[in-house]
Amino acid sequence: MATPLVVITGPSGVGKGTLIKALRERIPGIHVAVSATTRPPRPGEVDGRDYFFLSPEEFERRVRAGEFAEHAVYAGHRYGTLLSELERPARLIVLEIDVQGARQIRQLRPDALQVFIAPPSLDELERRLRARGADDEEQIRRRLEVAKRELSARDEFAKVIVNERLDDALSELERVIGNMLAGSGPDGERAETHRPEQQSQG
């Protein structure tokens, strides 16, 4: 039986990483899947902890060998999730990924719980991106354009959580994960009655 999988997606800057970090501290036995990328490491990043840093040639070799669960191009670099990361022995595997990747995972693991983290508004998302101080104006503009497209896809997901206050969003995320581990759907209904056409808009 496959290890339970939670896919967490949503626009850049919405707080996915912060929520996942908090989950690790509150739910024992979680493995957070590490993505592979062709982009160079940033200062302080560690290979195998933050990402698996691969050369473009090695990335392509692994794609051809069928080693990726999903892969995509973002900002000129390739990113992907190795199948081995979804097969780790754990109580629960959590995967942070973009919408494009989440669609690919849905085909591979239709049993996975897919959670979309949304901002209260685009204005608030822009404020958070600026507060991070990690991007220049052009990068922020591009991230907001991508965010608009991703937000238009939110209805595809079994659960949508609006991250207005971190504590509230974390409590809701914990609740839906608890329901999944207990064999229920994201809002507590019995798992066998939960179908994509009955999605909760959370």
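Numbering starts at 1 and runs along the chain as it is shown here.
Every residue gets a Cβ built from N, Cα and C, even glycine.
Any TrEMBL annotation is an automated prediction that lacks curation.
Annotation comment: TrEMBL describes 3-178 as domain 'Guanylate kinase-like'. What TrEMBL records for Gly10, Pro11, Ser12, Gly13, Val14, Gly15, Lys16, Gly17 is ATP binding site. TrEMBL lists 180-202 with the feature region 'Disordered'. Summarising the annotation, TrEMBL assigns compositional bias 'Basic and acidic residues' to 187-202.
The most densely surrounded of the binding-site residues Gly10, Pro11, Gly13, Gly15, Gly17 is Gly10 (count of other Cβ atoms within 10 A of its Cβ). Secondary structure from DSSP puts Lys16 (ATP binding site) in a helix. Across the domain 'Guanylate kinase-like' (3-178), the model assigns an average pLDDT of 93.
Within 8 A of the CB centroid of the ATP site residues Gly10, Pro11, Ser12, Gly13, Val14, Gly15, Lys16, Gly17, the other residues of that chain are Ile117, Pro119, Leu125, Asn163. Close to Ser12 (ATP binding site) in the fold, though at least 6 residues off in sequence, lie Leu129, Arg143, Val146, Ala147, each with a CB less than 8 Å from its CB. Around Val14 (ATP binding site), a 10 Å sphere centred on its CB holds 27 further CB atoms from the protein chains shown.
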